[in-house]
Number of protein chains: 2
Amino acid sequence: MDAIYFVSMGSLLGIIFAWVMFLRVKKQPEGTSEMARISEAVRKGANAYLKRQYSGVAIFFIAVFCILLIMAFNGFLSFFTPFAFLTGGFFSGLSGFIGMRTATMANCRTAEGASKSLNKGLQVAFSAGSVMGFTVVGLGLLDLSIWYFILNAAFQHLPVEQRITEITANMLTFGMGASSMALFARVGGGIFTKAADVGADLVGKVEAGIPEDDPRNPAVIADNVGDNVGDVAGMGADLYESYVGSIVSTAALAVAAGYGVKGVSIPMLLAALGVVASVIGTFFVKTEEGASQKNLLKALRTGTYISAAIIVVAAYFIIKMMLPGHMGLYAAVLSGLIAGVLIGAITEYYTSDTYSPTKKLAESSETGAATVIISGLSLGMLSTVAPVIIVSISVLVSYYCSGGANDFNLGLYGIGLSAVGMLSTLGITLATDAYGPIADNAGGIAEMTHMDASVRQRTDALDSLGNTTAATGKGFAIGSAALTALALIASYVDKVHQIQPDLNLDLTITNPKVLVGLFIGGVLPFLFAALTMEAVGKAAQSIVLEVRRQFKTIAGIMEGKAEPDYASCVDMCTKSAQKLMIAPAMIAVIIPIVIGLLLGPEGVCALLAGNTVTGFVLAVMMANSGGAWDNAKKYIEQGAHDGKGSSQHKAAVVGDTVGDPFKDTSGPSINILIKLTSMVSIVFASLVLAFHLL
Amino acid sequence: MDAIYFVSMGSLLGIIFAWVMFLRVKKQPEGTSEMARISEAVRKGANAYLKRQYSGVAIFFIAVFCILLIMAFNGFLSFFTPFAFLTGGFFSGLSGFIGMRTATMANCRTAEGASKSLNKGLQVAFSAGSVMGFTVVGLGLLDLSIWYFILNAAFQHLPVEQRITEITANMLTFGMGASSMALFARVGGGIFTKAADVGADLVGKVEAGIPEDDPRNPAVIADNVGDNVGDVAGMGADLYESYVGSIVSTAALAVAAGYGVKGVSIPMLLAALGVVASVIGTFFVKTEEGASQKNLLKALRTGTYISAAIIVVAAYFIIKMMLPGHMGLYAAVLSGLIAGVLIGAITEYYTSDTYSPTKKLAESSETGAATVIISGLSLGMLSTVAPVIIVSISVLVSYYCSGGANDFNLGLYGIGLSAVGMLSTLGITLATDAYGPIADNAGGIAEMTHMDASVRQRTDALDSLGNTTAATGKGFAIGSAALTALALIASYVDKVHQIQPDLNLDLTITNPKVLVGLFIGGVLPFLFAALTMEAVGKAAQSIVLEVRRQFKTIAGIMEGKAEPDYASCVDMCTKSAQKLMIAPAMIAVIIPIVIGLLLGPEGVCALLAGNTVTGFVLAVMMANSGGAWDNAKKYIEQGAHDGKGSSQHKAAVVGDTVGDPFKDTSGPSINILIKLTSMVSIVFASLVLAFHLL
C-alpha cells in the first residue's frame, strides 16, 4: 500500500514542524528573572504531576498488558495486540508530555512577547499551541506507520488483500492503549486543574476578595499547573486518541466493505495531506498591533479555514484516484468537515457573550445564584439539540451518499470517513485550541509579576479569544468522538462477525438483554460524571481548607510580605487527582467486559449504543453550560449588570465555579469514555464470545 | 370475561371509599374565620387555575379528536379511538380536579386538626390524600369497565378470543388521552408551583429576609395554590396515566402471548384486588399523640406494607386460578412490587437527611453555594445507578421467569405484569404521597394565621414526613413509568406487526436510521427538561419583579399593616404556566410522528428506546438532586452547620431553589414524556406505516 509512505512523510512533517515551532518558542526571551522563576515553579509542578501520573498509570498498563498477553497465549488475541496497546499508550502520553512541556515553557515567553506587542504575544502562544497540535498528529501517524511496517512484514506470506485484512484487524486494537491513557490524562488532569481552580477561587476570590491569579493566594501556582496538565496535556491525549481511533476504525470498515488496499488508503491519505494542509494554514495566523478581538479571531479562523479548504480539494482527488466509482464517499468526508464546523459554530453561539443565550444567562444573575444555575443548566440542555441533529444528518448523509442503501458496509465506511474528514485538519484546530491555556497562563504570570496593565490587557485579549477557540475545539472533540464512537461500534459488530460469522447481532428492542444493555449504557455517563464531579468537589474542599489554613497561620501573607507555601497545594492536588481518578477509569474498562460476560454480544451492542447516545448528549450539555457560565461571568466583569464585585457578579461566580468541573473535567472525560468502552469491547470480544459459547 | 365484574366492583369500591373519605374531611371544622378565609383564597386560586388550564387543554383535545376522527374515517383507526381518547383525558383531568378540590378543602382542616392533636392532623391530611388515591384508581377502573362493556357489545358477533383481541387493541389507545392530560397537568402545574415557590423564596426569604409562608409576601397564596395544582392535581393525573397505561398495555401483551381472556384477566384482577387491599391498608394508618417522626413514618408504612402483603398473597391465587401452568408469572408480579419498594428505599436513602448522602450535601454548604450545587448534581447522578440496576434485574426476572426464553411474547407479558404489580396498591401509595402537600399547606395556613407554635411544629412533623413519602412516591412513579414505557414499546412492536406482520423491526445497530432514532430519542428528555426549567425560570422572574414591585409600592406592607395583592401573583403564575406549557407538550406529541414519517417504524423503535433510557435516568437524577437539596436545607434549618440564617444556610437555599424545578417540574414531567411518546407512536402507527408503504 503506497499510501503508507505518504503517512510516514506526513508523520515526519508533523514532527519536524512541531520541533521547529518548539525551537522558535524556546529562543524567545523569558522576561524578567521573576517571570522565569514563576514559570519554573509552574513547570516543576506540572512535571511532578505528570511523573506521578505516568508512574501510577504504568501499573495499570503493565497489569492490562499481562492480561492481554495471557489472552494472546490462549489464542484470544494476536501477539501484536499487547504491544500495540503499550505503544498506543506511550505515544498518547508522550503527546501530552511534549505539549505540556512546551506550554510551561511558553507561558512566560508569551507574557514577555505581549509586553512588546499583541502580535508578538499571539505568535509565541500560537507557536506553542502548534507544537501540541503537530506533535499529536505526527506521533499518531508515526505509530500507525511503524505498526504498518511491522505487520506488513509479519504477514508477508499472505496475498495483499488478505494481508491488509490482518493488518487493519490488528491495528484496530491499538486504540485501547491510547484511549486508556487519554482517560487517565483527562480525568486526572481534569480533577487537578479544577480542584486547584475552584479551591483558589472559593477562598481567594469569594472569601478573601483578592483578584484571580493574585500571588498571595497559595493555590495560584497549582491553578496554573492545572491549566497545563488538564487543558493542555489532557486535551492532547484525548484528541490523539480520537485521531488514531477514527483512522484505524475506518480502515477496518474499509476492509469489511471489500475495498482493502484502496479503501484503507483513503483515510490514510486524508490524514497525511491533512498535516500538509495544517502546516500551510499556520502561516496565515498573524495579526497586527491594535487588532481588535474580532480581528484576532479572524486571524485564527483564516488559518483553520484555509487548511479545511485545502482538504476539501485534496479529498476530491484522493477519492477520484482511489475509488472513482464511489464519489459519494466525497460527500461523506465533506459532511464530516461541515458537521465539525457547524458544531463549533453552535458551541460558540451558546457560549459566547456576543450572542443572546450567554447574555440572557448573565441577565439571570439579577435574581441571584439560583437562577444563574437554573438558566445555565437549561441553556446547556437546550444546546444539545442542534449538535444531535447535525450529527444525525451527517450520519445519514455519509451513510446513504456512500451507497449504504445497497451495501451497508459501504455506508458504515462512509460514516468512518466523515469522522476522519472532521479530524483531518487536527494539526491546526488543536493548535488554535491549545494556545488558549497558554495565554491564560501568560496572563497569570503578568498578574503575579505586576507587569504593566497593558500587558495584562493584551494577554486578556488573547485569553478571552482562547475561550472561544476552546469552545469551538471542544465542539470538534465531542462531534468527532460521537462519529468515532459510531465507527467503533460498527467495527465491534464487524469484529464479532469475524469471530462468529453466523451470529445475529440485531437488537430486538423487546429482548430484555438489549433493554438492560441500553439502560446500563445510558446510566454509565451519569455515573462517570458523578464520580468525576465528586472527585473535583472532594479535592477542591481539601484545597479550600489548606488555603484557609495558610491565610490564618502564615503571618503577613495577605500583606504580600510572606510567601505562601505553593508547593503544598500542588502536592495535594496531585495526590487527590491520582487517588480519585482510579474509580471512574476502572468503570470504563470493566463494565463493558462484565456486561459482555453477563449479557453477551447483543447486550454489549446495546450498552455501546446507550452509552454513546447518552454520553454525547451529556458531554455537550456539560461543556456548554460550563462555557456559558464562564463567559457570562466574564461579560459581567466587563461591566454588564453592575460589573465586578456586584451581587450579580457574585451570583455569576457561583455559576462559573459549578461550570468548572462541567466543562473541564466531566464533560470532556465523557468523550473518551464513549470511545474507550467500544475499544475495550473490541479487544475483549473474542474472550466474551468464547465464554458465551461455553 | 368475568374478571371485568371484579374490575367494576373495584372501581365502585374505590369511588365510594373516596367519597366517604371526602365527607369525613368535609365534616371537620375549618378553624377560625381567618383560616377559612385563607383556605378560600387558595381554593379560589386553584380553581381559577384549573379552569383556565382545562379550557386551554380542551382546544388541544378537540384538535386531536378531529385528527383522530379523520384518521378513523380513512380507516387508519377504529372509530372508538377518538372517543376513548376523550374519556381518557376527561377521567385523568377529573382525578386531578377532585384531588385538588379535596386538598384545598383539607388544608385549613388539617391545621385545625393539628391544633388538637398530631393524630387528628394526620387523620385529616391522610384522609384527604386517600380521596386522591382512591379517586385515581376508581376512575381508572371505571374508564376500563365502561369501555370494556361498550367494546364487548360492539364486537359481540365475534367469537370470544377474537373479541378480546379487538377489545384490547382498542383499549390500548385510551392511554393517549390520559397521557396528554397528564402531561399538561404536570408541566403546567409544575411551572405554576415552582414559579410561585422560587419567586416567593427569592425575594421573600433571600432578599427581604422574611420567613417562608409569611403573609406579608405577595406570592404566598400563589405558592400554596401551586402545591395543590402541581403536587396534587399534577401527580394525580400522572399516576392515573401510569395505572391505566400499565393495565391496557399488559392486556394487549396477554393477547399477543396467546392467552386472551385468561391472560387479560390477570392484570384486571390484580388491579381490582389492589383496591381492596389498599382500602384495608388505610385502616392501619394511625398514630398517637407525641409520636416521634419515626413512628409517624411507621404508621404510614404499616398501611402500605399490609396492602402489599395482601396483594402478594392474592396474586398467587389469581395466577394459580387463571394460568396454573405459568406460575413464573407470579415471580414477575413480585419482582415489580419488590422493585417498587426498593426504588422507594433507594430514593429515601439518597434524599433523606437521616442518611449520609444528604448529610454530606449539607456539609458541602461549608464551602458555599457552588459546592452545594456540584455535590447535589453528582449525588443525583450517582443515585441513578441503583434504580437502573433494580429495573434491569426486574426486567430480566420478569421476562425469564415468565418463560421469555421460549416465547418472547410471554416474557413481555411478564414485564407488563411487573408494572401492574408495582402499581396495584396505588390507592394507598398515592394517598401517602398526596398527603404531603396537604400538610405543607396546613403549615402555611398555621403560619399565616399566627397559630400557636405547637401547631406549626405538628404540621412541620407531618410535612417533613411528607417529604420522605413524596420521595418514595416519586421513586414509585418513575419506576412504574419505566416499566410501563417498556410494556408500551412492546405493545408498539406488536401493533406494527398486527398491521404489517412481515415487517422486520430488529434494530441493526449499524443502521443509520436506528442510530439517528436513538440520538433523537436520547436528546428529547434534555430538550424537554430545558424547556420546562426555562419556563419556571421565566415565570419565576416575573414573580420576583412583581413581589419586588409590591414591596416598594404598597406602603406598610412590610409592617403587616397593608395587605399585599395576592391575586395578581396567582394570576401571573396562571398565565405564565398556560403559555409556557405549550411548547414542551407539543414536542412530546409531534416528534414521534415526525420521526415515524422520516425514519419509519425502526426509527420510532429506536426513538422510544433512546427516550425511555435517557428519560428514566434524567428523571431519577433530577428528582433525587432536588429532594436532597430540599432536605439538606431543612437539615441545616434544624440546627446543623450553624443553622438558619448562616452563610451555610444561604448556600443550601440556593441548592433548594435550583432543586425546585428539578424535582417538581422537569423530573416528574419526563415520566409522562416517556409514556406519551410511546402512546402517540401506537396511535399513529397505522398512519406512519401507510406513509412508508406509499
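Each Cβ is built from the backbone N, Cα and C atoms, and glycine gets one as well.
Automated prediction, rather than curation, is the source of TrEMBL annotations.
According to TrEMBL, the transmembrane segment annotation covers A:6-25 (among others).
The transmembrane segment annotation in TrEMBL covers A:79-100 (among others).
Proximity of distant same-chain residues to the transmembrane segment (A:121-147), defined by a Cβ-Cβ separation under 8 Å and at least 6 residues beyond the stretch ends, is recorded for 4, 7-8, 10-18, 21-22, 24-25, 28, 80, 84, 87-88, 91, 94-95, 98-99, 102-103, 105-106, 109-114, 170-171, 174, 232, 236, 239-240, 243-244, 247-248, 268, 271-272, 274-275, 278-279, 282, 285-287, 296, 299-300, 426-436, 438-439, 442, 458-459, 462. What TrEMBL lists as transmembrane segment is A:121-147 (among others).
The transmembrane segment annotation in TrEMBL covers A:243-260 (among others).
If you look up TrEMBL, you'll see A:266-285 (among others) marked as transmembrane segment.
The feature transmembrane segment is assigned by TrEMBL to A:305-323 (among others).
Annotation comment: TrEMBL describes A:329-351 (among others) as transmembrane segment.
Marked as transmembrane segment by TrEMBL: A:372-400 (among others). Here the transmembrane segment (A:372-400) has long-range neighbours at 331-332, 335-336, 338-339, 342-343, 346-347, 350, 357-358, 360-361, 364-365, 411-412, 414-415, 417-418, 475, 478-479, 482-483, 486, 616-617, 620-626, 628-629, 632, 651-652, 654-655, 658-659, 662, meaning same-chain residues at least 6 beyond its ends whose C-beta is under 8 angstroms from one of its own.
Sequence annotations record features per position, and here TrEMBL assigns transmembrane segment to A:412-431 (among others).
All protein chains considered, the CB of A:A470 (site 'Determinant of potassium dependence') has 28 other CB atoms within 10 Å. Annotation comment: TrEMBL describes A:A470 as site 'Determinant of potassium dependence'.
Long-range contacts of the transmembrane segment (A:513-533) within its own chain (CB-CB distance under 8 A, at least 6 residues past either end) are made by residues 187, 190-191, 507, 583-584, 587-588, 591, 595, 599-600, 602-615, 618-619, 622, 661-662, 665-667, 669-670, 673-674, 677. According to TrEMBL, the feature transmembrane segment maps to A:513-533 (among others).
Same-chain residues lying 6+ beyond the ends of the transmembrane segment (A:580-600) with a Cβ under 8 Å from its Cβ atoms: 60, 64, 180, 183-184, 187-188, 191, 513, 516-517, 520, 524, 527-528, 531-532, 535, 538-539, 606-608, 669, 672-673, 676-678, 680-681, 684-685, 687-688, 691-692. The transmembrane segment annotation in TrEMBL covers A:580-600 (among others).
Annotation source TrEMBL lists transmembrane segment at A:672-693 (among others). Distant neighbours of the transmembrane segment (A:672-693): 68, 71, 76-77, 81, 85, 172-173, 175-176, 179-180, 182-183, 186, 238, 241-242, 245, 481-482, 484-485, 488-489, 491-492, 495-496, 499-500, 503, 521, 524-525, 528, 588-589, 591-593, 596-597, 600-601, 604, 607-608, 611-612, 615-616, 619; these residues of the same chain sit at least 6 beyond its ends, with a Cβ under 8 Å from one of its Cβ atoms.
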Next item on the list: For the transmembrane segment (A:243-260) and the transmembrane segment (A:266-285), decide whether they are in contact, meaning at least 3 CB pairs lie under 8 A, counting pairs 6 or more apart in sequence.
Entry: yes
Check: the transmembrane segment (A:412-431): which same-chain residues, six or more beyond its ends, come within Cβ distance under 8 Å?
Finding: 14, 126, 129-130, 132-134, 136-137, 235-236, 239, 242-243, 246-247, 249-250, 253-254, 256-257, 259, 263, 266-267, 270-271, 273-275, 277-279, 281-282, 303-304, 307-308, 311, 315, 328-329, 331-337, 339-340, 394-395, 397-399, 401-404, 472-473, 476, 479-480, 483-484, 486-487, 490
